[in-house]
Amino acid sequence: MDEAAQEPGEKPSQSEPDVQIDPLIEKQVRNKIDRVLIPLVMGLYLVAFLDRSNIGNAQTAGMGKDLGFDDEQYQWLLTIFYIPYILFEWCALMWKAIPPHIWAFSCVLVWGLASTLQAAAFNWQGLMACRFFMAAAEAGYGPGIPYLLSFFYKRHELGFRCGLFLSAAPLATTFAGALAYGITSGHPVIANWRVLFIVEGIPSILLAFIAYRYLPDSPDTARFLRPGEREVAKNRAIQQTGSEGASRIGHVNFKDIVMSLMDIKTWIPPLMYFSCNVSFSSLPVFLPSILQNMGFTAINAQGLSAPPYFLSFLVCIGTTWIADRTRQRGLMIIGLSLVAGIGYVLLATCKSVGVRYFGVFLAAAGVFPAISNILPWTVNNQGSDSKRGASIVLLNVIGQCGPLLGTRVFPTRNAPYFVEGMSICAGFMFLNALLALALRTHLGWENKKFERMDEEARRAGLDPKQGSIGVENDGYGFRNFL
């Protein structure tokens, strides 16, 4: 996670408050934050993703047969998760209003309990209730983490860290099948699928207490930093956001929220996120079934679902790192969306098992890495903490509606090729590429406007370093990431 402290081409003497930081010490502080914060939020997201997606593995292990529900009821078990996940998206702002270690503890504990209690369900209604509360708690965690990370990292550092955090989802899916097979292949006293929920739910409960102890509320209060390092972390925040950086937790600026909601660049990313979620939400849940319908056994289907997601994990990390370096998130998203779209086209139109399995690789390597670039792109181009929070809430409220469609386009009656579902997913990924192109064009136009405004300020003899607004809070020299 080593990188230059200042992005090439930026002029800190013109665009940041006059706070001096030794680059070597800053690098050491940033790396120490990396070693504690990133593994923690990544680990929590990994268990969250295991908890939400193991329903597919449980179904393969005989859950539906044991509880006596049909395919339509199984579809509702998938859909019910996203209803509270959407309704509680506003909770992303709680990361700013409540100390993060308390908020994270509450969310992780509730979803861990709900996930584990699925093992005690003896009917479809009980499972529905557990998944409702699990989703409500997860809505308070994952969607707000890119926002939380923006408190700790500068704009050109954020994307890679978001990529590491979000890559936990495909990483979880990589070994979820093997883990589920290992758990459900034995002959325990209780049903295998019940054992699956217990074994994968308890770690979340334990990690809730680790989050309470170790998750820092802000850079300048992190327990793992020495007093001098905390001062450096505080000064980094001031460089980012001006005087607001000295105290970023405990208040929300509602005027900034309204301004953000009136900005077109706040609305396009949610449509992109919606498109990606239509395509992605179905993959972890239905991929084992899709592979079974290609002719593989249930055991082989679980194993063959891992390699595409490991590729997705690597691409998530690589593309967000490149986008940070080049400031070109839009081009990255366009390319990834086209790759995913082609993958879904192959799945919809080809009957060869080898070609279709290759299509799975393309889809997995395109969809989630695209999401991993959309989230930091949204945060990068908002000019205050409250604007960033509002944009994350809107992104998830609209974007998380995608799974309501995505989880219902693969009914078993369309097996084995699921042409309709694959075609819908392909169409949304191509739409995502067009939306990314439109947003990139708009952001480029805005950058030219900012350049004209800065030039007018220079000609008027204004001192760009006056006041207390940092470059990331609509300060002098602010430019959108393209």
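Sequential numbering from 1, following the chain as shown.
Cβ coordinates come from backbone N, Cα and C, glycine included.
Automatic prediction, not curation, is the source of TrEMBL annotations.
Small disclaimer: the values here were computed from a predicted structure and weren't measured.
What TrEMBL records for this protein:
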TRANSMEM  36-55  transmembrane segment
TRANSMEM  75-95  transmembrane segment
TRANSMEM  102-120  transmembrane segment
TRANSMEM  132-152  transmembrane segment
TRANSMEM  164-183  transmembrane segment
TRANSMEM  195-215  transmembrane segment
TRANSMEM  271-291  transmembrane segment
TRANSMEM  306-323  transmembrane segment
TRANSMEM  330-349  transmembrane segment
TRANSMEM  355-377  transmembrane segment
TRANSMEM  389-411  transmembrane segment
TRANSMEM  417-439  transmembrane segment
Taking the transmembrane segment (389-411) as the first stretch and the transmembrane segment (75-95) as the second, find out whether 3 or more Cβ pairs fall under 8 Å, excluding pairs closer than 6 in sequence.
yes
At a threshold of under 8 Å on Cβ distances, which of 36-55, 75-95, 330-349 pairs most often with the transmembrane segment (195-215)?
36-55
Residues from the same chain, set at least six apart from the ends of the transmembrane segment (417-439), whose C-beta lies under 8 A from its own:
265, 268-269, 271-272, 274-276, 278-279, 282, 286, 290, 293, 330, 333-334, 337-338, 340-342, 344-345, 347-349, 351, 363, 366-367, 370, 402, 405-406, 409-410
Counting Cβ pairs under 8 Å that sit 6 or more residues apart, are there three or more between the transmembrane segment (306-323) and the transmembrane segment (75-95)?
no
Please figure out which one of 36-55, 75-95, 164-183, 355-377 racks up the most CB pairs under 8 Å against the transmembrane segment (102-120).
36-55
Among the recorded stretches 36-55, 164-183, 355-377, which has the greatest number of Cβ pairs closer than 8 Å to the transmembrane segment (75-95)?
36-55
For the transmembrane segment (36-55), find every same-chain residue at least 6 residues outside the stretch whose CB is under 8 Å from a CB in it, and list them.
1, 63, 77-78, 81, 104, 108, 111-112, 115, 131, 134-135, 138, 141-142, 145, 148-149, 152, 161, 164-169, 171-173, 176, 179-180, 196-197, 200-201, 203-204, 207, 210-211, 214-216, 222, 224, 284-285
